[in-house]
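In what follows, a single structure is set out as structure tokens and then discussed.
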Amino acid sequence: MNSLTLNPIARVEGTVHLPGSKSISNRVLLLAALAKGETRITNLLDSDDIRHMLTALKQLGVSYQLSADRTECLVNGLAGFFKSAEPVELFLGNAGTAMRPLTAALAASEVTAHLKGEPRMYERPIGHLVEALQQWQADIDYEKEPGFPPLTIRGQTLPGGVARVNGSISSQFLTALLMIAPMLENDSTIEIVGELVSKPYIDITLALMARFGVSVQNDRYQRFTIRGQQRYQSPGTILVEGDASSASYFLAAAAIRGGTVKVTGIGRHAVQGDIHFADALEKMGADVDWGDDFIQVTRNELHGIDMDFNAIPDAAMTIATTALFAKGPTCIRNVYNWRVKETDRLAAMATELKKVGALVEEGQDYLTITPPAKLQHASIATYDDHRMAMCFSLVALSDTPVTIEDPECTRKTFPNYFTLFQSLSS
Ligand SMILES: O=C(O)C1=C[C@@H](OP(=O)(O)O)[C@@H](O)[C@H](O)C1
Ligand SMILES: C=C(OP(=O)(O)O)C(=O)O
């Protein structure tokens, strides 16, 4: 397996034009496929997660044209669910944003589908979604372990109605239900059991559904009401915001070793919750400026913080390595579902932070990080987790190098991350 050693970086400065948001790219692709009319998507992300969605859509009979650099896509909508006389087998890698919404869409389509993925996908729970879909009479079987992919889905017309979904592990289950609900036979009410996690991702879902002409009544994130027998309408052209989670590494780098770094493609009105990573950096002491289409961070003295990060679980990982450069301990709270993402991120973070010399307390749903007086050179295992690789690049912003094992794992969401990161060195 390849590894990459980053030499110490004394200072960062510059501007990064962000690639499109993963969360928005995969939602827009699916909505455009189901909608009436042609949708031109611009600033689409090109990464493994999006390629899996694109390949699946093609297998399901959706036609689209991609530009040569794959950042623009013209999708011819089906004006309804998928249809296929032949069974299909879809490989969705480890893309939660493909697996969960497609499970729901296929359950309501005239298709028999086998949903496969990478080994880690078979350890990521999907039972809460399947149980909710079964309340709408979906016919879904687990091919191996109950509660986990791979799945066999025998799609059929679903009536909709009342469904209760457990929201305590992943918001993607609710996103999946919301996206299909308007196209079902009857009006639907989705009730959340337990406390819903990762709420801002539901705001992304609702905002994009609205762009495709469908409104949802959101009652305090506990109950959602959706009219049935609707059809998504193409908005014509839709621009994908820059990826706010991907922005976190550059903004953190500026907070640690700026100079100033500006990211463009997101700004104060962005729909992604992860833009509030910049507020966390500000709380740690960094200087932050916002524009309509940029966020900019300048270095200042950093101190540890103690914060609930449930709303921004992906960007919160970047706080864990930023904490290595702050005065005093940092506590990242309420991130239990880190354990069911690309790897068990609480365990992985704790193990790797200790390798560079930090003192770490790993709780069931929190991490406390006390930085060492001096960082140690270490070879960082990345667990096939793009965010582990990207977060640990920040260690190089010290007088110690860092070795990242399997840096190519960033291809899940950010294939050219290391090139861009190193281009900021000044
Ligand atoms: O809906 C989405 O686009 C996502 C929701 C979040 O997952 P959970 O809701 O499982 O926390 C996030 O971690 C993931 O990267 C993308
Ligand atoms: C959790 C993540 O991905 P997924 O969309 O596969 O859930 C992530 O990108 O950090």
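Cβ coordinates are placed from backbone N, Cα and C, and glycine is handled just like the others.
All annotation found in TrEMBL is predicted automatically rather than curated by experts.
Per TrEMBL, the candidate among R40, R154, R387 that belongs to the phosphoenolpyruvate site alongside K22, G96, R124, Q172, R345, K412 is R387.
Cα of R387 (phosphoenolpyruvate binding site) to Cα of D314 (active site, proton acceptor): a distance of 8 Å. Whole-number maximum of the Cα to Cα distances across the 3-phosphoshikimate-binding residues K22, S23, R27, S170, S171, Q172, S198, D314, N337, K341: 21 angstrom. A simple Cβ count within 10 Å picks out one of the binding-site residues K22, S171, R387 as the most packed, and that one is R387. A sphere of 10 angstroms centred on the C-beta of N337 (3-phosphoshikimate binding site) encloses 19 other C-beta atoms.
The separation of N337 (3-phosphoshikimate binding site) from D314 (active site, proton acceptor), Cα to Cα, is 10 Å.
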